[in-house]
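Below: the structure, in C-alpha coordinates.
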Amino acid sequence: MNASAAALNESQVVAVAAEGAAAAATAAGAPDTGEWGPPAASAALGGGGGPNGSLELSSQLPAGPSGLLLSAVNPWDVLLCVSGTVIAGENALVVALIASTPALRTPMFVLVGSLATADLLAGCGLILHFVFQYVVPSETVSLLMVGFLVASFAASVSSLLAITVDRYLSLYNALTYYSRRTLLGVHLLLAATWTVSLGLGLLPVLGWNCLADRTSCSVVRPLTRSHVALLSTSFFVVFGIMLHLYVRICQVVWRHAHQIALQQHCLAPPHLAATRKGVGTLAVVLGTFGASWLPFAIYCVVGSQEDPAIYTYATLLPATYNSMINPIIYAFRNQEIQRALWLLFCGCFQSKVPFRSRSPSEV
(Lines of atoms letter the chains of each structure in order from A and count residues from 1; the text may use other names and numbers.)
(Lines give C-alpha, C1' and ligand atoms only; values in the text may rest on other atoms or scores of the structure.)
Protein backbone atom coordinates (compact mmCIF):
# COMPACT_ATOMS: atom_id res chain seq x y z
CA MET A 1 0.00 0.00 0.00
CA ASN A 2 2.82 2.38 0.95
CA ALA A 3 4.73 1.41 -2.21
CA SER A 4 1.78 2.22 -4.49
CA ALA A 5 1.21 5.51 -2.68
CA ALA A 6 4.84 6.42 -3.13
CA ALA A 7 4.67 5.56 -6.83
CA LEU A 8 1.57 7.72 -7.20
CA ASN A 9 3.26 10.65 -5.49
CA GLU A 10 6.30 10.22 -7.72
CA SER A 11 4.16 10.27 -10.90
CA GLN A 12 2.38 13.41 -9.71
CA VAL A 13 5.74 15.11 -9.12
CA VAL A 14 6.88 14.16 -12.63
CA ALA A 15 3.62 15.50 -14.15
CA VAL A 16 3.95 18.80 -12.29
CA ALA A 17 7.55 19.11 -13.39
CA ALA A 18 6.57 18.49 -17.02
CA GLU A 19 3.82 21.13 -16.87
CA GLY A 20 6.29 23.60 -15.39
CA ALA A 21 8.78 22.93 -18.17
CA ALA A 22 6.09 23.44 -20.83
CA ALA A 23 5.02 26.72 -19.25
CA ALA A 24 8.62 27.90 -19.14
CA ALA A 25 9.10 27.03 -22.80
CA THR A 26 5.98 29.00 -23.74
CA ALA A 27 7.16 32.01 -21.75
CA ALA A 28 10.56 31.78 -23.44
CA GLY A 29 9.06 32.24 -26.92
CA ALA A 30 7.02 29.20 -27.94
CA PRO A 31 4.53 30.14 -30.70
CA ASP A 32 1.04 31.14 -29.67
CA THR A 33 -1.95 30.14 -31.78
CA GLY A 34 -3.81 33.38 -31.07
CA GLU A 35 -7.42 33.91 -30.20
CA TRP A 36 -8.86 34.95 -33.57
CA GLY A 37 -8.17 31.89 -35.64
CA PRO A 38 -7.61 28.16 -35.55
CA PRO A 39 -4.27 26.90 -34.25
CA ALA A 40 -1.44 27.40 -36.73
CA ALA A 41 -3.89 28.77 -39.25
CA SER A 42 -5.09 32.09 -40.55
CA ALA A 43 -7.52 32.86 -43.33
CA ALA A 44 -8.49 35.96 -45.21
CA LEU A 45 -12.12 36.87 -44.78
CA GLY A 46 -11.80 34.15 -42.17
CA GLY A 47 -9.77 33.47 -39.04
CA GLY A 48 -6.78 35.73 -38.64
CA GLY A 49 -3.49 34.20 -37.71
CA GLY A 50 -3.64 35.54 -34.19
CA PRO A 51 -4.80 38.66 -32.38
CA ASN A 52 -2.32 40.63 -34.49
CA GLY A 53 -1.88 40.35 -38.23
CA SER A 54 -3.92 40.65 -41.38
CA LEU A 55 -6.54 38.16 -42.42
CA GLU A 56 -5.04 35.48 -44.62
CA LEU A 57 -6.52 33.15 -47.19
CA SER A 58 -3.89 30.43 -46.80
CA SER A 59 -4.92 27.97 -44.12
CA GLN A 60 -3.05 25.00 -42.72
CA LEU A 61 -5.45 23.45 -40.26
CA PRO A 62 -4.44 20.59 -37.98
CA ALA A 63 -6.14 17.28 -38.66
CA GLY A 64 -6.78 14.30 -36.46
CA PRO A 65 -5.93 10.66 -37.19
CA SER A 66 -9.01 10.26 -39.33
CA GLY A 67 -8.24 13.38 -41.36
CA LEU A 68 -11.00 15.48 -39.77
CA LEU A 69 -10.17 19.02 -38.78
CA LEU A 70 -9.74 19.52 -35.07
CA SER A 71 -9.37 23.30 -35.01
CA ALA A 72 -12.01 25.50 -33.45
CA VAL A 73 -14.21 27.41 -35.87
CA ASN A 74 -13.70 31.15 -35.74
CA PRO A 75 -17.00 32.84 -34.74
CA TRP A 76 -16.29 35.69 -37.17
CA ASP A 77 -16.12 33.16 -39.99
CA VAL A 78 -19.48 31.80 -38.88
CA LEU A 79 -20.99 35.31 -39.00
CA LEU A 80 -19.64 35.84 -42.52
CA CYS A 81 -21.04 32.46 -43.59
CA VAL A 82 -24.46 33.27 -42.10
CA SER A 83 -24.40 36.65 -43.82
CA GLY A 84 -23.55 34.95 -47.11
CA THR A 85 -26.42 32.49 -46.67
CA VAL A 86 -28.97 35.28 -46.13
CA ILE A 87 -27.54 37.26 -49.05
CA ALA A 88 -27.68 34.27 -51.38
CA GLY A 89 -31.26 33.41 -50.39
CA GLU A 90 -32.62 36.94 -50.85
CA ASN A 91 -30.94 37.63 -54.15
CA ALA A 92 -31.68 34.18 -55.57
CA LEU A 93 -35.37 35.00 -55.08
CA VAL A 94 -34.99 38.34 -56.89
CA VAL A 95 -33.12 36.74 -59.80
CA ALA A 96 -35.75 33.98 -60.06
CA LEU A 97 -38.60 36.52 -60.08
CA ILE A 98 -37.05 38.68 -62.79
CA ALA A 99 -36.07 35.69 -64.93
CA SER A 100 -39.50 34.04 -64.68
CA THR A 101 -41.68 37.15 -65.13
CA PRO A 102 -41.78 38.53 -68.71
CA ALA A 103 -43.11 41.90 -67.52
CA LEU A 104 -39.96 42.39 -65.42
CA ARG A 105 -37.56 42.16 -68.35
CA THR A 106 -37.43 45.89 -69.00
CA PRO A 107 -34.11 47.80 -69.01
CA MET A 108 -34.67 49.02 -65.47
CA PHE A 109 -35.20 45.53 -64.08
CA VAL A 110 -32.25 44.22 -66.09
CA LEU A 111 -30.09 46.58 -64.02
CA VAL A 112 -31.73 45.38 -60.82
CA GLY A 113 -31.20 41.80 -61.98
CA SER A 114 -27.51 42.50 -62.53
CA LEU A 115 -27.23 43.83 -58.98
CA ALA A 116 -29.04 40.80 -57.58
CA THR A 117 -26.84 38.42 -59.59
CA ALA A 118 -23.66 40.07 -58.30
CA ASP A 119 -24.90 39.94 -54.71
CA LEU A 120 -25.99 36.32 -55.18
CA LEU A 121 -22.49 35.39 -56.32
CA ALA A 122 -20.99 37.31 -53.40
CA GLY A 123 -23.18 35.41 -50.94
CA CYS A 124 -22.24 32.08 -52.50
CA GLY A 125 -18.59 33.13 -52.37
CA LEU A 126 -18.78 33.77 -48.63
CA ILE A 127 -20.33 30.34 -48.09
CA LEU A 128 -17.79 28.55 -50.29
CA HIS A 129 -14.92 30.39 -48.63
CA PHE A 130 -16.05 29.11 -45.24
CA VAL A 131 -16.33 25.55 -46.54
CA PHE A 132 -12.98 25.53 -48.33
CA GLN A 133 -11.20 27.24 -45.47
CA TYR A 134 -12.07 24.55 -42.95
CA VAL A 135 -12.45 21.51 -45.21
CA VAL A 136 -10.08 21.92 -48.16
CA PRO A 137 -7.37 24.40 -47.12
CA SER A 138 -5.24 25.28 -50.14
CA GLU A 139 -3.41 28.37 -51.37
CA THR A 140 -4.68 27.78 -54.90
CA VAL A 141 -8.30 27.53 -53.77
CA SER A 142 -7.77 30.56 -51.54
CA LEU A 143 -6.58 32.66 -54.47
CA LEU A 144 -9.56 31.56 -56.56
CA MET A 145 -11.98 32.39 -53.75
CA VAL A 146 -10.57 35.84 -53.02
CA GLY A 147 -10.64 36.60 -56.76
CA PHE A 148 -14.24 35.39 -56.94
CA LEU A 149 -15.26 37.59 -54.00
CA VAL A 150 -13.45 40.66 -55.34
CA ALA A 151 -15.14 40.25 -58.74
CA SER A 152 -18.59 39.72 -57.18
CA PHE A 153 -18.46 42.70 -54.84
CA ALA A 154 -16.96 44.89 -57.58
CA ALA A 155 -19.85 43.92 -59.87
CA SER A 156 -22.31 44.73 -57.08
CA VAL A 157 -20.88 48.22 -56.54
CA SER A 158 -20.68 48.82 -60.31
CA SER A 159 -24.31 47.76 -60.75
CA LEU A 160 -25.32 50.24 -58.06
CA LEU A 161 -23.53 52.96 -60.01
CA ALA A 162 -25.32 51.90 -63.22
CA ILE A 163 -28.70 52.09 -61.46
CA THR A 164 -27.84 55.55 -60.13
CA VAL A 165 -26.90 56.77 -63.61
CA ASP A 166 -30.14 55.31 -64.98
CA ARG A 167 -32.16 57.12 -62.32
CA TYR A 168 -30.46 60.42 -63.03
CA LEU A 169 -30.87 60.22 -66.81
CA SER A 170 -34.52 59.19 -66.49
CA LEU A 171 -35.26 62.35 -64.49
CA TYR A 172 -32.90 64.77 -66.24
CA ASN A 173 -34.02 63.76 -69.76
CA ALA A 174 -37.49 62.51 -68.92
CA LEU A 175 -38.99 63.32 -72.33
CA THR A 176 -36.42 61.57 -74.50
CA TYR A 177 -34.65 59.07 -72.26
CA TYR A 178 -37.17 56.24 -72.47
CA SER A 179 -37.35 56.43 -76.26
CA ARG A 180 -33.55 56.25 -76.55
CA ARG A 181 -32.86 53.67 -73.88
CA THR A 182 -32.86 50.13 -75.23
CA LEU A 183 -32.19 46.70 -73.84
CA LEU A 184 -29.15 46.44 -76.10
CA GLY A 185 -27.64 49.59 -74.64
CA VAL A 186 -28.23 48.38 -71.09
CA HIS A 187 -26.73 44.99 -71.91
CA LEU A 188 -23.62 46.66 -73.39
CA LEU A 189 -23.26 48.80 -70.27
CA LEU A 190 -23.53 45.76 -68.01
CA ALA A 191 -21.11 43.80 -70.20
CA ALA A 192 -18.50 46.52 -69.72
CA THR A 193 -19.25 46.63 -65.99
CA TRP A 194 -18.85 42.90 -65.52
CA THR A 195 -15.71 42.80 -67.67
CA VAL A 196 -13.99 45.36 -65.45
CA SER A 197 -15.16 43.54 -62.31
CA LEU A 198 -13.89 40.22 -63.64
CA GLY A 199 -10.55 41.82 -64.43
CA LEU A 200 -10.21 43.08 -60.86
CA GLY A 201 -10.99 39.61 -59.57
CA LEU A 202 -8.44 37.92 -61.83
CA LEU A 203 -5.53 40.11 -60.70
CA PRO A 204 -4.72 38.05 -57.56
CA VAL A 205 -4.97 34.79 -59.50
CA LEU A 206 -2.69 36.08 -62.27
CA GLY A 207 0.09 36.92 -59.82
CA TRP A 208 -0.75 40.20 -58.10
CA ASN A 209 -0.67 38.71 -54.61
CA CYS A 210 1.65 38.63 -51.61
CA LEU A 211 2.17 34.88 -51.26
CA ALA A 212 5.80 35.22 -52.39
CA ASP A 213 6.48 38.44 -50.46
CA ARG A 214 4.67 38.59 -47.12
CA THR A 215 5.98 42.10 -46.43
CA SER A 216 3.74 43.47 -49.21
CA CYS A 217 0.53 42.01 -47.74
CA SER A 218 -2.42 44.22 -46.90
CA VAL A 219 -4.97 43.83 -44.12
CA VAL A 220 -6.54 41.09 -46.24
CA ARG A 221 -4.14 38.43 -47.48
CA PRO A 222 -3.18 37.46 -50.11
CA LEU A 223 -4.08 40.88 -51.55
CA THR A 224 -1.15 43.28 -51.72
CA ARG A 225 -1.30 46.79 -50.33
CA SER A 226 -1.17 48.25 -53.84
CA HIS A 227 -4.07 46.07 -55.01
CA VAL A 228 -6.19 47.00 -52.00
CA ALA A 229 -5.33 50.66 -52.56
CA LEU A 230 -6.57 50.34 -56.15
CA LEU A 231 -9.83 48.75 -55.01
CA SER A 232 -10.38 51.38 -52.30
CA THR A 233 -9.62 54.24 -54.69
CA SER A 234 -12.07 52.80 -57.21
CA PHE A 235 -14.72 52.64 -54.50
CA PHE A 236 -14.11 56.26 -53.47
CA VAL A 237 -14.50 57.33 -57.11
CA VAL A 238 -17.76 55.38 -57.47
CA PHE A 239 -19.08 56.74 -54.18
CA GLY A 240 -18.19 60.30 -55.21
CA ILE A 241 -20.00 59.91 -58.55
CA MET A 242 -23.06 58.45 -56.83
CA LEU A 243 -23.08 61.27 -54.27
CA HIS A 244 -22.88 63.87 -57.03
CA LEU A 245 -25.66 62.23 -59.05
CA TYR A 246 -27.97 61.88 -56.05
CA VAL A 247 -27.45 65.57 -55.21
CA ARG A 248 -28.38 66.42 -58.80
CA ILE A 249 -31.42 64.13 -58.57
CA CYS A 250 -32.57 65.97 -55.44
CA GLN A 251 -32.15 69.28 -57.27
CA VAL A 252 -34.25 68.03 -60.18
CA VAL A 253 -36.96 66.77 -57.81
CA TRP A 254 -37.14 70.06 -55.92
CA ARG A 255 -37.17 72.01 -59.21
CA HIS A 256 -40.11 69.94 -60.43
CA ALA A 257 -41.89 70.55 -57.13
CA HIS A 258 -41.24 74.28 -57.45
CA GLN A 259 -42.67 74.31 -60.99
CA ILE A 260 -45.80 72.57 -59.74
CA ALA A 261 -46.06 75.14 -56.97
CA LEU A 262 -45.89 78.00 -59.47
CA GLN A 263 -48.60 76.42 -61.61
CA GLN A 264 -50.90 75.88 -58.64
CA HIS A 265 -49.80 79.07 -56.81
CA CYS A 266 -48.96 76.92 -53.82
CA LEU A 267 -47.23 73.67 -53.06
CA ALA A 268 -50.00 71.18 -52.40
CA PRO A 269 -49.44 68.98 -49.33
CA PRO A 270 -49.48 65.73 -51.36
CA HIS A 271 -46.75 67.01 -53.67
CA LEU A 272 -44.72 68.33 -50.75
CA ALA A 273 -45.01 65.01 -48.91
CA ALA A 274 -44.08 63.04 -52.02
CA THR A 275 -41.06 65.26 -52.64
CA ARG A 276 -39.84 64.91 -49.08
CA LYS A 277 -40.38 61.16 -49.21
CA GLY A 278 -38.40 60.87 -52.43
CA VAL A 279 -35.50 62.90 -51.08
CA GLY A 280 -35.57 60.90 -47.85
CA THR A 281 -35.46 57.64 -49.82
CA LEU A 282 -32.43 58.83 -51.76
CA ALA A 283 -30.71 59.77 -48.51
CA VAL A 284 -31.40 56.31 -47.08
CA VAL A 285 -30.08 54.61 -50.23
CA LEU A 286 -26.83 56.57 -50.31
CA GLY A 287 -26.43 56.50 -46.53
CA THR A 288 -26.81 52.73 -46.43
CA PHE A 289 -24.24 52.28 -49.18
CA GLY A 290 -21.74 54.61 -47.53
CA ALA A 291 -22.20 53.23 -44.02
CA SER A 292 -21.67 49.70 -45.30
CA TRP A 293 -18.57 50.16 -47.43
CA LEU A 294 -16.76 53.31 -46.28
CA PRO A 295 -15.34 51.88 -43.01
CA PHE A 296 -13.80 48.88 -44.80
CA ALA A 297 -12.49 50.97 -47.72
CA ILE A 298 -10.89 53.50 -45.37
CA TYR A 299 -9.36 50.82 -43.16
CA CYS A 300 -7.89 49.05 -46.19
CA VAL A 301 -5.95 52.25 -46.93
CA VAL A 302 -4.84 53.22 -43.41
CA GLY A 303 -4.48 49.75 -41.86
CA SER A 304 -1.48 47.45 -41.94
CA GLN A 305 -0.96 43.72 -41.68
CA GLU A 306 0.32 44.12 -38.11
CA ASP A 307 -3.05 45.47 -36.92
CA PRO A 308 -5.38 43.11 -35.01
CA ALA A 309 -7.44 40.95 -37.35
CA ILE A 310 -10.60 41.92 -35.48
CA TYR A 311 -10.37 45.38 -37.09
CA THR A 312 -10.68 43.82 -40.53
CA TYR A 313 -13.56 41.60 -39.43
CA ALA A 314 -15.38 44.53 -37.79
CA THR A 315 -15.25 46.59 -41.00
CA LEU A 316 -15.71 43.75 -43.50
CA LEU A 317 -18.86 42.28 -41.95
CA PRO A 318 -20.93 45.51 -42.33
CA ALA A 319 -19.77 45.72 -45.96
CA THR A 320 -21.47 42.39 -46.63
CA TYR A 321 -24.69 43.77 -45.15
CA ASN A 322 -25.02 46.09 -48.15
CA SER A 323 -25.65 43.05 -50.35
CA MET A 324 -28.22 41.94 -47.80
CA ILE A 325 -30.06 45.28 -47.89
CA ASN A 326 -29.94 45.83 -51.66
CA PRO A 327 -32.86 43.45 -52.45
CA ILE A 328 -35.04 45.32 -49.96
CA ILE A 329 -34.21 48.76 -51.38
CA TYR A 330 -34.15 48.00 -55.10
CA ALA A 331 -36.51 45.03 -55.48
CA PHE A 332 -38.94 44.17 -52.70
CA ARG A 333 -40.20 47.77 -52.39
CA ASN A 334 -41.32 47.74 -56.01
CA GLN A 335 -45.01 47.00 -56.62
CA GLU A 336 -44.36 44.77 -59.61
CA ILE A 337 -41.86 42.68 -57.66
CA GLN A 338 -44.40 42.44 -54.85
CA ARG A 339 -47.09 41.31 -57.28
CA ALA A 340 -44.73 38.72 -58.76
CA LEU A 341 -44.09 37.45 -55.23
CA TRP A 342 -47.82 37.11 -54.64
CA LEU A 343 -48.22 35.22 -57.90
CA LEU A 344 -45.32 32.97 -56.96
CA PHE A 345 -46.54 32.05 -53.50
CA CYS A 346 -50.27 32.31 -54.15
CA GLY A 347 -51.23 31.66 -57.76
CA CYS A 348 -54.86 32.47 -57.12
CA PHE A 349 -54.07 36.06 -56.16
CA GLN A 350 -55.48 38.60 -58.59
CA SER A 351 -53.92 42.02 -58.20
CA LYS A 352 -55.76 45.14 -59.32
CA VAL A 353 -52.43 46.87 -59.97
CA PRO A 354 -51.52 46.35 -63.65
CA PHE A 355 -47.98 45.70 -64.75
CA ARG A 356 -46.26 48.83 -65.97
CA SER A 357 -42.67 49.94 -66.26
CA ARG A 358 -42.04 52.18 -63.30
CA SER A 359 -39.36 54.81 -63.51
CA PRO A 360 -36.03 53.96 -61.94
CA SER A 361 -36.56 56.67 -59.34
CA GLU A 362 -39.36 54.57 -57.90
CA VAL A 363 -37.22 51.45 -57.45
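Using the three backbone atoms N, Cα and C, a Cβ is placed for every residue, glycine included.
Summarising the annotation, Swiss-Prot assigns topological domain 'Extracellular' to 1-75, 132-143, 207-231, 306-310. Per Swiss-Prot, the feature N-linked glycosylation site maps to Asn2, Asn9, Asn52. Per Swiss-Prot, the feature topological domain 'Cytoplasmic' maps to 96-107, 166-186, 251-278, 333-363; the stated evidence is sequence analysis. As annotated by Swiss-Prot, S-palmitoyl cysteine applies to Cys346, with the evidence given as similarity to another entry. Sequence annotations record features per position, and here Swiss-Prot assigns phosphoserine to Ser357, Ser359, Ser361 based on sequence analysis.
If you look at the topological domain 'Cytoplasmic' (96-107), the same-chain residues 6 or more away from its ends with a CB under 8 A from one of its CBs are 113, 116, 166, 181-183, 185-186, 331, 336-337, 340-341, 343-344, 355, 357. For the topological domain 'Extracellular' (1-75), the predicted model reports an average pLDDT of 47. In the three-state DSSP assignment, the secondary structure recorded for the residue listed as 'S-palmitoyl cysteine' is coil. Per DSSP, the secondary structure of the topological domain 'Extracellular' (306-310) breaks down as 2 helix, 0 strand, 3 coil. In terms of DSSP helix, strand and coil, the topological domain 'Extracellular' (207-231) has 10 helix, 3 strand, 12 coil. All protein chains considered, the CB of Cys346 (S-palmitoyl cysteine) has 9 other CB atoms within 10 Å. The DSSP breakdown of the topological domain 'Extracellular' (132-143) into helical (H, G, I), extended (E, B) and coil residues amounts to 9 helix, 0 strand, 3 coil.
The helix, strand and coil residue counts that DSSP assigns across the topological domain 'Cytoplasmic' (96-107) are 9 helix, 0 strand, 3 coil.
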